[in-house]
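Student: Attaching a single structure in structure tokens format; questions to follow.
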């Protein structure tokens with residue numbers, strides 16, 4: 001299914017429900033049942049995985065993959081909705097070994113586990129709108145976090161998912177986090193094209209909600225006047241690529257999370273120069289090298305409590321899946337930061 005088809009499918013289903021003259025009460029009941037079933041699915045999977053980890057013992061924190069295949073809040077292409085299964089395939093494809101660079105073994109369930117995807121399309125097919133859909137994503141993340149020692153590592157999807165995920169993490173932990181955000185764009189518009197949940201507005205929602213104390217944005221090279229003004233409004237630390245050579249030493253020795261509930265890392269694949277990751281919706285030359293990103297991640301000091309990898313667009317990837325492998329490696333190295 002193409003990206004446009006995925007984005008318009010929800011409209012077709014809403015029209016069909018309207019044409020069928022489904023009553024508002026019946027539709028509401030149906031939506032509630034679908035949402036409840038979705039949360040039950042995630043809850044039971046998380047409980048199953050956590051019971052195994054508790055039985056095995058010797059683990060304080062385990063990275064837990066949760067897919068959120070949502071792409072309709074993208075302002076350009078909606079292919080990121082198809083990313084989670086492609087990333088999983090690349091993680092386990094066998095072309096590389098199962099260890100992270102820091103020596104964590106991904107085949108050990110105490111290091112990495114997986115509870116599958118939030119059924120976003122099925123929820124949207126019954127007419128659920130974005131306010132409620134964002135709540136479903138948040139509740140799914142909280143459901144994972146209820147099962148100690150699981151910590152969510154979320155596979156997007158477009159960048160709009162970061163708002164409900166960070167909100168859930170902050171609410172569940174009882175306070176704000178520090179965020180390291182790697183991206184070509186600041187994603188801090190108050191609203192983009194009238195959409196407050198746009199992938200270009202996720203960090204405005206996070207900051208106005210008080211879910212982050214510090215927000216560091218690294219890799220920025222496509223920023224408007226509003227992006228800079230919003231950054232100043234929220235006290236965001238924006239590190240643009242035009243000054244990266246000067247900022248490199250600082251960014252490769254970050255210490256975050258003291259005095260708050262931990263560190264959240266959000267990686268938009270387009271933070272990378274398109275020479276390393278062409279499979280993105282918004283190709284922006286002049287980005288970070290893959291080793292730049294790994295140096296920042298590996299050297300970061302702080303308790304990483306959750307994270308996401310977003311905006312990989314399989315529909316723009318190379319034939320051999322180069323960007324899928326890049327996204328998979330990002331997941332592997334984030335797993336090493338989260339698991340303990």
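Cβ atoms here come from the backbone N, Cα and C positions, even for glycine.
Summarising the annotation, Swiss-Prot assigns transit peptide to 1-24. The Mn(2+) 1 binding site annotation in Swiss-Prot covers 159, 183, 187, 268, and the record cites sequence analysis as its basis. Swiss-Prot lists 183, 185, 268, 270 with the feature Mn(2+) 2 binding site. The substrate binding site feature in Swiss-Prot is assigned to 185, 186, 187, 188, 189, 193, 194, 195, 311; the stated evidence is similarity to another entry.
What does the local environment look like for each feature on the list?
Tutor: Taking the Cβ of residue 183 (Mn(2+) 1 binding site) as centre and 10 Å as the limit, one finds 27 other Cβ atoms among all the protein chains shown.
Over all protein chains present, the Cβ of residue 185 (Mn(2+) 2 binding site) has 25 other Cβ atoms lying within 10 Å. In this structure, residue 185 (Mn(2+) 2 binding site) belongs to neither helix nor strand by DSSP; it is coil.
For residue 187 (Mn(2+) 1 binding site), the number of other Cβ atoms no farther than 10 Å from its own Cβ, over all displayed protein chains, is 30.
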Student: Just give me the nearest neighbour of residue 159 (Mn(2+) 1 binding site) among the binding-site residues 189, 194, 270, 311, Cα to Cα.
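Tutor: When the Cα distances are compared, 311 comes out closest.
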Student: May I ask you to report the DSSP-based helix, strand or coil state of residue 159 (Mn(2+) 1 binding site)?
Tutor: helix
Student: Should any of the binding-site residues 185, 187, 268 have a Cα within 10 Å of the Cα of residue 311 (substrate binding site), which are they?
Tutor: 268
Student: Measuring Cα to Cα, how far is residue 194 (substrate binding site) from residue 185 (Mn(2+) 2 binding site) in Å?
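Tutor: About 18 Å separates the two Cα atoms.
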Student: Around the Mn(2+) 1 site formed by 159, 183, 187, 268, which additional residues qualify by having Cβ within 8 Å of the site's Cβ center?
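Tutor: Other same-chain residues near the Mn(2+) 1 site: 162, 181, 184, 185, 186, 199, 202, 203, 266, 270, 271, 310, 311.
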